[in-house]
């Protein structure tokens, strides 16, 4: 039986400030991280090279802000136009925040690379925990790989848009050409993610800086460069609702939620690198909800208020989450508002542009050819960085699932490269499956666009089940340093309800009139994979029902006495370190 959820030790929350300034605080944090992982049943295999800021960098770089908006603008423009780009994002962001906070609570209590299926198995009833963990694991695997495919496909389309702009729009890429660029991008990301953990960690800071600078450049530069003829009035930019796909206005507005859902998604990315993170029990949940550099304890940020927030810690969390999530939400809102004011009113021409990218056409109309190429090159670069971060997160999730023997060829996938100390085999597994998903491009544009909704729906299934299991089944869940307290249940209810509605909506095609070329392949791919996984689970003799028991400890069973001994030893060492500090320090 797996160890129960417990209150994870977080040095940042209870080590006095003087002790943190001692000679080697990293060593104490590292010991606590390894002790926590041991209580979860796993030995330390990765090098913990990610600082809290770099853990945040993973989540922030995958969001991508401007490049992400560019990749899914074709969902928002025909399903409401300016109104959906502004108010649709605002409405969806509230629900997405609830999802993130519910995920953060689970990640704080048990920060392991397995994440979602580990939580599901630990919190569910013994009668169904193995099957639910199996379903969540496969949904999470296909969701993260589809996220890789959608990000890299978006990058390939952006590269082709740049070529089209550079040729004076004389060049029109074929599906085969775009697929070739896509394959090259995926393979290059696989090479990058085979590097050592320290190299991958340091790259995250670069990603954050470039991302923020690009956003500021567009928010400030686009309105300044747009000709008056293309500028829209405030009433149009903030209130016009244009429905081009034929669905009812209400349903079209809901379909536009796919843009923010895909952009502000992959909450579990930071969870999957938790075994490579320093002070994971605190850094991981803050990376999920604090989409702003400077992760810290609220008790340190507000002098004189430590006692208040220690008695009522949720106050600090609510304040900190609101401030940091709002800052990112404001940046996203500012980008969308800038676009709605500067994109003109001919939305159909943007969607049917020979460039192949609505945002690239908006930039071209405002900046001209040279200015667009200069700015668009940074859009492509940041999108490329998004892809490498997503391959990193997806490979760690796949590694964790294969560690527990659930994937085909798990014995091959669960191998750590002796030189780089990274799971090279799972990196290439993710790359190969992503390339296979890219073959949907030959079935038509609607087919390949389904990988965007596939990533959202698969991940929402994986997110919902452990959140539900926490409250529906009898378990001894004990929160970690991140705890919503009395708000846990209402926030979880909102999050699960939202994800359920979105999963149903995103299975439908983009238009009511559908043929083979324009159908939504999300239900085919996701349904097919989940169906085959369940068939394999119940397969006679060889199926998972005969041998899969959920997460398996790779250090032997850790008894409750051993776990308590680890905690007591850590607390004793901390007290001794504190006593060694002079009073005047």
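These residue numbers are counts, starting from 1, taken along the chain as shown.
Backbone N, Cα and C define each Cβ position, glycine as well.
Bear in mind that TrEMBL entries carry predicted annotations, made automatically and left uncurated.
Given the ranges 32-54, 55-77, the record in TrEMBL names 55-77 as transmembrane segment. Looking at 294-313, 314-333, 334-353, the range annotated in TrEMBL as transmembrane segment turns out to be 314-333. Feature annotation (TrEMBL): of 156-178, 179-201, 271-293, the stretch labelled transmembrane segment is 179-201. Of the candidate ranges 120-139, 400-419, 520-539, TrEMBL annotates residues 520-539 with the feature transmembrane segment. Between the listed ranges 84-104, 546-566, TrEMBL ties the annotation transmembrane segment to 84-104.
Looking at 84-104, 179-201, 208-226, 424-444, the range that has the most CB pairs within less than 8 A of the transmembrane segment (55-77) turns out to be 208-226. Beyond its flanks by at least six residues, the transmembrane segment (520-539) meets 131, 134-135, 138-139, 142, 146, 437, 440, 443, 446-447, 450, 453-454, 457-458, 506-510, 514, 545, 548 of its own chain at Cβ-Cβ distances under 8 Å. Within its own chain, the transmembrane segment (246-264) has Cβ neighbours under 8 Å at 63-65, 68-69, 71-73, 75-76, 78-80, 83-85, 88-89, 91-93, 96, 100, 150, 328, 332, 452-453, 455-456, 501-502, 505-506, 508, 510-513, counting only residues six or more beyond its boundaries. Using the rule of three or more Cβ pairs under 8 Å, pairs at least 6 apart in sequence, the transmembrane segment (424-444) is not in contact with the transmembrane segment (485-508).
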